[in-house]
């Protein structure tokens with residue numbers, strides 16, 4: 001098994017949503033399915049030394065890996081390689097953001113996901129322009145910008161909101 005695949009499994013196990021494990025019991029290596037043993041082979045020698053929780057996380061990661069299409073696996077490998085290329089500081093920042101996101105209510109999470117999806121659908125040039133504009137603002141300018149937009153948005157009718165979106169997406173033209 002390649003190093004990338006091994007690290008991918010570790011990452012997938014780590015990133016899976018927490019599933020409650022009630023009094024998780026360690027699982028002996030020979031109790032794993034053949035597919036699990038094949039995927040988790042790099043862990044065979046130290047399997048019995050892993051905590052029950054760690055074993056369960058790795059098994060969930062192996063299950064997710066097995067259920068992925070080749071394209072999903074390719075994308076997962078790319079994301080993992082990107083993760084590996086990050087500095088420890090960048091990884092810490094991402095972990096902090098992830099923890100912050102997980103503390104949000106499901107409604108807030110969904111709202112952020114929709115905003116990100118909208119942003120990612122913008123043309124590349126528009127995204128870069130927005131990133132540049134945002135990064136050039138001071139913290140106070142960002143705060144004031146948010147307040148202004150929220151205030152304006154709340155006072156708009158649904159039709160005005162739609163017009164605003166369309167105008168904004170077309171660079172105000």
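Glycine residues also receive a Cβ, built from the backbone N, Cα and C atoms like all the rest.
When the ranges 17-38, 39-60, 61-82 are checked against TrEMBL, the one recorded as region 'Disordered' is 61-82. For the compositional bias 'Basic and acidic residues' (64-73), DSSP puts the residue distribution at 8 helix, 0 strand, 2 coil.
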